[in-house]
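S.K.: Mind looking over this structure? Questions follow.
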Amino acid sequence: MVSWMICRLVVLVFGMLYPAYASYKAVKTKNIREYVRWMMYWIVFALFMAAEIVTDIFISWFPFYYEIKMAFVLWLLSPYTKGASLLYRKFVHPSLSRHEKEIDAYLVQAKERSYETMLSFGKRGLNIAASAAVQAATKGTGTGAYRTATRRMSVGQILRWFPGYQPGPERSP
């Protein structure tokens, strides 16, 4: 438990806070060499954080796991070992270069799907909200004809009742 807490503190301070401040200084001084150094660090560190999720679950029982993790973060950060630059140049850059087109295509596809999904959920949410509003409004009136007529209205027709409503372009699913 103590090693876990110390490890979290080391990763926070030396893995995130110090590099964030050093990145700020690189941006402020407009030093291109430092830009590149810290960009390589952040790419490698992001991959480390993604891998850490899995390793924490499956191999955190390993003796000296947290100590090894702390040493790795310090090794990545050290200007003497240049661990992040070494890993980036030897493994990350070649691997990303080989798969860049597939990754880009996947990201474009994911963006399109997420947009369509959010649009679909938005329409469903508006339909549910409009139905609930119509049901709440008709409960007090007691007139069946009004209730039947409003249930058949589309969301766009109901939204036109609200002041300032501007209909946008319709997208087909």
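Including glycine, each Cβ sits where the backbone N, Cα and C put it.
Grabbed the feature section from TrEMBL, which reads as follows:
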type     : residues : note
SIGNAL   : 1-22     : signal peptide
TRANSMEM : 38-62    : transmembrane segment
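Quick one: where do these features end up spatially?
M.R.: Long-range contacts of the transmembrane segment (38-62) within the same chain: residues 4, 15-16, 19, 22-23, 26, 69, 72-73, 76-77, 83-85, 87-89, 92, each at least 6 residues beyond the stretch ends and with a Cβ under 8 Å from a Cβ of the stretch.
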S.K.: Which sequence positions outside the signal peptide (1-22), separated from its termini by at least 6 residues, show Cβ-Cβ distances below 8 Å to it?
M.R.: 34, 38, 41-42, 45, 60, 66-67, 69-70, 73-74, 76-77
